[in-house]
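TrEMBL has this to say about the protein:
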- 16-35: transmembrane segment (TRANSMEM)
- 20-306: domain 'Sugar phosphate transporter' (DOMAIN)
- 47-72: transmembrane segment (TRANSMEM)
- 84-102: transmembrane segment (TRANSMEM)
- 108-130: transmembrane segment (TRANSMEM)
- 142-159: transmembrane segment (TRANSMEM)
- 165-189: transmembrane segment (TRANSMEM)
- 201-219: transmembrane segment (TRANSMEM)
- 231-255: transmembrane segment (TRANSMEM)
- 289-306: transmembrane segment (TRANSMEM)
- 331-350: region 'Disordered' (REGION)
Amino acid sequence: MGKGGALSEGVVKKILLSYAYVAIWIFLSFTVIVYNKFILDKKLYNWPFPISLTMIHMAFCASLAFIIIRVFKLVEPVSMSRDLYLSSVLPIGALYAFSLWLSNSAYIYLSVSFIQMLKALMPVAVYSIGVLFKKEPFKSDTLFNMLSISFGVAVAAYGEAQFNGWGVFLQLGAVAFEATRLVMIQILLTSKGISLNPITSLYYVAPCCFVFLLVPWVFVEYPILKESSSFHFDFLVFGTNSLCAFALNLAVFLLVGKTSALTMNVAGVVKDWLLIAFSWSVIKDTVTPINLFGYGLAFLGVAYYNHSKLQALKAKELQKKAAAADEEAGKLLEEKNAGEGTGNRSDPQD
């Protein structure tokens, strides 16, 4: 009875912790998105400089990661050669920089709700690039699934009241760069047995992002900021915004590490619906029935895709367990045969 009670308490505690991780990630992701929208939107804080904002985030995250690793030595740095850094981390940093730049730029032109609907195309982009780089097998049923998601997003775009072609182009570009980055992480780092947690990831990648963003910033935003004498750097706004961005990176690691990537995908759907509701009720963005119908179709497609991935992972785990059981049985049989062979060779002494 005592053991059963202890086990029940342990299970309840684990479930509550999982919900806590999900809640923390949803809150921080929600906060970063709304905060970025607030800063960049011309009708709100009116600071439409997405490259500058992204560079502030990267500088803050890189500095904090450096202090944690090099000064306080709370996290061990990953051993990495110069060649590996140039061939793997550098291209991933470039893709991440362009993804963040375009994603933040889209908030100037599009509503929060519509951006979340466009992000439903992420599985389509990841699968397409995975097939292109031969990391994903081509399947006709998966292709049909991807087409259904794309159709749903197209319907949502058709019903968008504040449709902006340039904003859609920026967000789709952000999705493409982010999907490529995820595939390249699998190809360049995971295949080489390198695993980066959020702190070491920011330590190596954030400085790359800053440098890659510095070039377009000099030509695009610096001349405008230089002429704008009325602007004064608000440490409270940009400091808390950067701190939220840093905390979000930690929350991603916490959620995936303590639960699973599938849990994060499900939590992402909840976050998207919350953002759509917030965008409609608080920011007063227009959300049409066609918007919701189209996103609903895309959501069903994404849900089916996640379900298929889960089933494939379960099948793979079962195969591994079966193979391990067969190997263990083979070893036991060999030991038994070896023992019997030794017994047969021992002759009785007169």
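Every residue, even glycine, has its Cβ placed from backbone N, Cα and C.
Taking pairs at least six residues apart, the transmembrane segment (289-306) and the transmembrane segment (142-159) share three or more Cβ pairs below 8 Å and count as touching. Within the same chain, the transmembrane segment (231-255) packs against the transmembrane segment (47-72): three or more Cβ pairs sit under 8 Å, each pair at least 6 residues apart.
In this chain, the transmembrane segment (47-72) lies apart from the transmembrane segment (165-189): fewer than three C-beta pairs between them fall below 8 angstroms, excluding pairs fewer than 6 positions apart.
Here the transmembrane segment (84-102) sits against the transmembrane segment (201-219); at least 3 CB pairs are under 8 Å, leaving out pairs fewer than 6 apart in sequence. Averaged across the domain 'Sugar phosphate transporter' (20-306), the predicted model reaches a pLDDT of 90.
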